[in-house]
Amino acid sequence: MTQLDRIRNFSIVAHIDHGKSTLADRLIQMTGTVAERDMKAQLLDSMDIERERGITIKANTVRIEYPAKDGHTYVLNLIDTPGHVDFAYEVSRSMRAVEGSLLVVDASQGVEAQTLANVYQAIDAGHDIVPVLNKIDLPAADPERVKENIEDVIGIDASDAIPISAKTGLGIPDVLEAIVKRLPAPKGDRNAPLKAMLVDSWYDSYLGVVVMIRVIDGVIKKGDRVKMMQTGAVYGIDKLAVLKPQMVDIAELGPGEIGVLTASIKQVRDTRVGDTITHERKPCAEPLPGFKPAQPVVFCGLFPVDANDFEALRDAIEKLALNDASFSYEMETSAALGFGFRMGFLGLLHLEVVRDRLEREYDLDLITTAPSVVFRLHMKDGEVRELHNPADMPDLTYIDHIEEPRIKATIMVPDEYLGDILKLCQDRRGIQQNLTYAGSRAMVEYDLPLAEVVFDFYDRLKSVTKGYASFDYQLSEYREDNLVKMSILVNDEPVDALSIMVHRDRAESRGRVMVEKLKELIPRHMFKIPIQAAIGGRVIARETISAMRKDVTAKCYGGDATRKKKLLEKQKEGKKKMRQFGKVEIPQSAFINALKMDS
Ligand SMILES: Nc1nc2c(ncn2[C@@H]2O[C@H](COP(=O)(O)OP(=O)(O)OP(=O)(O)O)[C@@H](O)[C@H]2O)c(=O)[nH]1
C-alpha cells in the first residue's frame with residue numbers, strides 16, 4: 001500500500017486530436033513503465049475501432065512510478081477518459097475518481113468546444129488543473145496567444161502553462177514534476193469502513209468482467225466479500241491488480257489507490273459505473289453521492305438485410321452487450337422489415353460505433369432505421385408515455401400534448417463561417433442563447449431540439465465549416481412543441497421504418513425532401529411507383545417513379561452466355577442490398593439517406 005502523500009491521481013482533458021493519447025504514451029514511456037520494445041503507438045486506445053477512428057471510448061487507466069526531483073518515488077495514476085460528448089456520464093464519473101487534470105490544448109489551434117466541455121467537468125469535480133500547451137514543434141504554434149485564449153475562454157490562470165511536444169518528447173519531464181508539485185495528494189481514512197467507487201468495467205475473454213475501482217476509505221484485499229450498494233449484489237474478490245497498463249497482481253489497495261478486481265461477475269450489465277463498493281460485513285454508512293445510471297437518448301431499429309440472419313444478429317448483440325452496458329435493446333417487429341431490434345444509445349456516435357462493430361466483427365448486413373429521440377406523450381387521461389419509435393405513435397385524439405428533449409449546444413467556429421452556422425442552427429429550430437468572441441473565433445450557444453441534431457447535424461456542421469467548427473452539447477430539458485408523425489407510403493403501402501416525428505411547420509418541406517430523395521434512391525421497376533408523405537390521412541407531398549423494363553441482359557445480343565450469366569449474377573448481388581416492400585424493392589441505403597437534409 002502506498003502512503004497517501006506519495007500518490008497523485010489525474011486525468012487528461014483535451015479536445016479530440018489535441019494529443020491526449022500521445023502525451024499519455026510519452027508519460028508511460030519516460031517513466032519506463034513499459035519496455036521500449038513493447039511500446040505500441042497509442043497504447044491506451046485498445047480497441048481497433050477506436051484506433052481507426054482516433055477516438056477513445058472506454059475509460060482506461062495506467063499506474064506509473066515516478067522518481068521525483070525531491071528524492072521520493074510517487075505513484076501516479078492516470079485515468080484516460082473518453083473524449084466524446086456521448087460518453088459525458090462516463091467522463092464525469094471518472095473525473096470524480098481523481099483529484100487533478102492536465103488540460104492539454106493544441107498550441108496551434110487553441111481552445112475548442114470539447115476542451116471547454118471536458119475542462120468544466122474537471123472544474124465541477126473540484127480538480128486542480130495544470131494547463132499544457134502541446135505541439136509546440138509545429139511552425140503554426142503560438143503558445144502566448146493560446147495562453148491568453150485559455151484565460152479568456154475558460155477563465156483559469158494559464159501563465160505557468162507548460163509548453164511541450166508530445167511528439168518529440170520536449171517538456172515531458174516538466175509535466176511529470178508538475179503532476180507531483182501542482183496537483184494535490186488524495187485524502188482518505190485507512191481505518192474507516194471500505195468505500196470504493198466503481199469507475200469502469202469491461203469484459204475480458206480470459207478473466208470475465210473486470211471492474212476498475214478507486215478506493216476512498218478503508219482497505220480492500222483479495223478474498224474479501226464485497227457488496228455493490230446500488231445493485232445489492234455480493235461477490236468474493238478473486239483477483240486484485242493494478243494496471244501498468246497490463247495487469248500486475250497486488251495484495252491490497254488502500255485509500256487514494258486505483259486498481260482493478262475480478263469476482264466471478266457474469267456480465268458488465270451487473271456492474272454500474274458510479275456504484276459504491278463496500279465490505280459485506282462492515283459496510284460504510286453512506287454510498288457515494290450522485291449515482292445515476294446511463295440513459296440511452298437516441299433510438300433506432302436494426303434489422304438484418306437478409307431475414308435469415310436474425311438469429312445471428314441476436315447473437316452478435318448479446319455478445320456486444322457483455323462489453324457495453326450503455327446500450328439497450330429489445331426485439332422489434334416491423335411490418336416492412338420483419339424481425340429485428342430496437343436499440344437505444346447514448347448518442348449518435350455511440351450508435352455508429354455499435355452498428356459498425358456489428359457489421360464488421362460479426363459480418364452482418366444491417367438496415368438502420370431513422371434515429372429517433374425519446375418523445376414524451378402526455379395523454380388526455382393524465383398518463384405520461386415514452387415514445388421510442390415513431391411507428392408506435394398512438395392516435396392523436398388520445399394525446400393532449402407532446403414534449404421533446406432539448407439540448408444546450410456550444411459551437412466554436414472561425415469568424416468567416418459564423419453565418420453558415422447560424423443559418424444551420426436556425427434551420428434546425430434552434431434558438432440562439434449567446435454569442436461571444438475569443439480572437440477571431442466565435443463561440444455560439446444554441447438551444448436546439450435533440451431530434452434535429454441526431455440525423456446529420458454534425459456532418460453538416462463539418463461540411464459547411466470545412467471541418468473548422470467544434471461542437472458539444474448537453475441535454476437540458478423536455479419542452480412541449482407542435483409535433484406530428486409523418487408516414488411515408490411507397491406504392492400506397494406505409495413503410496413503418498421510414499416514419500418520423502416532425503414539427504408541424506416543417507412537415508411539408510421535410511416531406512417534400514424525403515419523397516424527392518426516395519425517388520432518386522429507389523430504382524425504377526416495371527410499373528409506376530407513387531411515393532407519398534402523409535400526416536394522418538392527409539398526403540402532404542408526392543412523387544412518382546416512372547416505369548421501366550428492367551432487363552439487364554437486353555444489351556447482350558446473341559450468344560455470349562458467360563457475359564449474360566455475369567450480369568445476372570451482378571444483379572443478384574445487388575438484390576442482397578435490397579429489401580422487398582409489397583411489390584417494390586428498396587435499397588437498404590435509402591433508409592438513412594432519405595432522412596438527410598442537405599438539399
Ligand atoms: N506535431 C505534433 N503532432 C502531435 C503532437 N502530439 C500529438 N500529435 C499528433 O496529433 C494527432 C492527434 O493526437 P492524439 O494523441 O491521437 O490525440 P488525442 O487527443 O488523444 O485524440 P483522441 O484520442 O481522438 O481524443 C496525432 O496524429 C498525433 O501524432 C505534437 O506534440 N506535435
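The backbone N, Cα and C atoms fix where each Cβ goes, and this holds for glycine too.
Annotation source TrEMBL lists domain 'Tr-type G' at 5-187. Residues annotated as GTP binding site in TrEMBL: ASP17, HIS18, GLY19, LYS20, SER21, THR22, ASN134, LYS135, ILE136, ASP137.
When secondary structure is read from DSSP and collapsed to three states, ILE136 (GTP binding site) falls in the coil class. The Cβ neighbour count for ILE136 (GTP binding site), using a 10 Å radius over every protein chain in view, is 21. Note on SER21 (GTP binding site): other Cβ atoms within 10 Å of its Cβ, all shown chains, come to 25. Among the binding-site residues ASP17, GLY19, ASN134, the residue whose Cβ has the fewest other Cβ atoms within 10 Å is ASP17.
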